[in-house]
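Marked as active site, acyl-thioester intermediate by Swiss-Prot on the basis of similarity to another entry: CYS88. Taken from Swiss-Prot, the feature active site, proton acceptor covers HIS349, CYS379, and the record attributes it to sequence analysis.
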Amino acid sequence: MRKTVIVSAARTPFGKFGGVLKEVKAAELGGIVMKEALQQAGVSGDDVEGNVMGMVVQAGSGQIPSRQAARLAGMPWSVPSETLNKVCASGLRAVTLCDQMIRAQDADILVAGGMESMSNIPYAVPAGRWGARMGDGELRDLMVYDGLTCAFDEVHMAVHGNTAAKEYAISRREQDEWALRSHARAAKAADEGKFQDEIVPVNWIGRKGKPNVVDKDEAIRRDTSLDQLAKLAPIYASDGSITAGNAPGVNDGAGAFVLMSEEKAAELGKRPLATILGFSTTGMPAHELAAAPGFAINKLLKKNGLTVQDIDLFEVNEAFASVVLTCEKIVGFDLEKVNVNGGAIALGHPIGASGARILMTLVYELKRRGGGLGVAAICSGAAQGDAVLVQVH
């Protein structure tokens, strides 16, 4: 069977909620990274046979944001586009969907990734269509309602993160220690220039005509400590252990890849960054959200005849610190192999883009280390898990 290779990968810096990227729409962020990925790959928009971009909350963004992004990236009208929503797994699922298309010989060159501007997600008035008639009306925050709330249990994702911490006996201190590690490692990686390979600067003109350049992740906290983290109150559950400190922020950002069939890359003389060897997905009861990536990883390893010891590096999205620590209990991986340059707690979690970010961070780190096998895994709302296996030569 044919194999898919990653030829290029680029992402924006991740901005804080209402931060440096608040005036840049999701499709604009997507256009920036798609254009950069094409330039890195040395192919034009005319060469692309399709694109798939993940985006979770599309309300108010206009029709098919992925096609808007593709046009901004210079792709012609003839290139078809899809916008995909698998909650936090959207950016990773966009890649695996394109992998399936390439392996099925439906395409040879595709662009995949994810984007989200959580700062630009609107509020909605549910009764506005037909009228509230009498009494107060509701102003609904679509970022929370469509992006961060379980549609089945009607609770914030943090509640399910708390459930996992209790079930798997993960202490508040362990979660805070992981959060501190995430910030420390991300700060060190940033200082050493490790994110320069993946980050493309965002240039934009502010409302007052002032040019702005954003080239660094905004959310890394260099000054945090265990004492500071320990003082934070639990969120969404008074007896819980999830806090604003051991959970990621609300962020803006995008990431994209150029994917090719192995044969097409060879024909064009392209040296791949990585080869996609397989992927897996899993679904669980909604409250078991944090465990889903762990079971997806185990399923992926079994499917490919591998053990956890065969994998050189893991990237597990830090939807909460409890997610990584729950997966450690399920998979049994060495935590020293996980999120070695920090994770979403420090870098940010723009929900539609995070799956793309963890995969490219994994690939570039394996490349720096001279190659190896890596797994990127992520949970998503309603307790689904996605995992991807890559090899860097």
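Keep in mind that glycine also has a Cβ here, set from the backbone N, Cα and C atoms.
The structure, with features from Swiss-Prot marked on it.
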| residue | record | Cβ neighbours (10 Å) |
| --- | --- | --- |
| CYS88 | active site, acyl-thioester intermediate | 31 |
| HIS349 | active site, proton acceptor | 26 |
| CYS379 | active site, proton acceptor | 33 |
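In this structure the C-alpha atoms belonging to CYS379 (active site, proton acceptor) and the residue listed as 'active site, acyl-thioester intermediate' are separated by 7 Å. Each residue contributes its Cα atom, and for CYS88 (active site, acyl-thioester intermediate) and HIS349 (active site, proton acceptor) these two points are 9 Å apart.
Under the three-state DSSP scheme, CYS379 (active site, proton acceptor) falls in the strand class.
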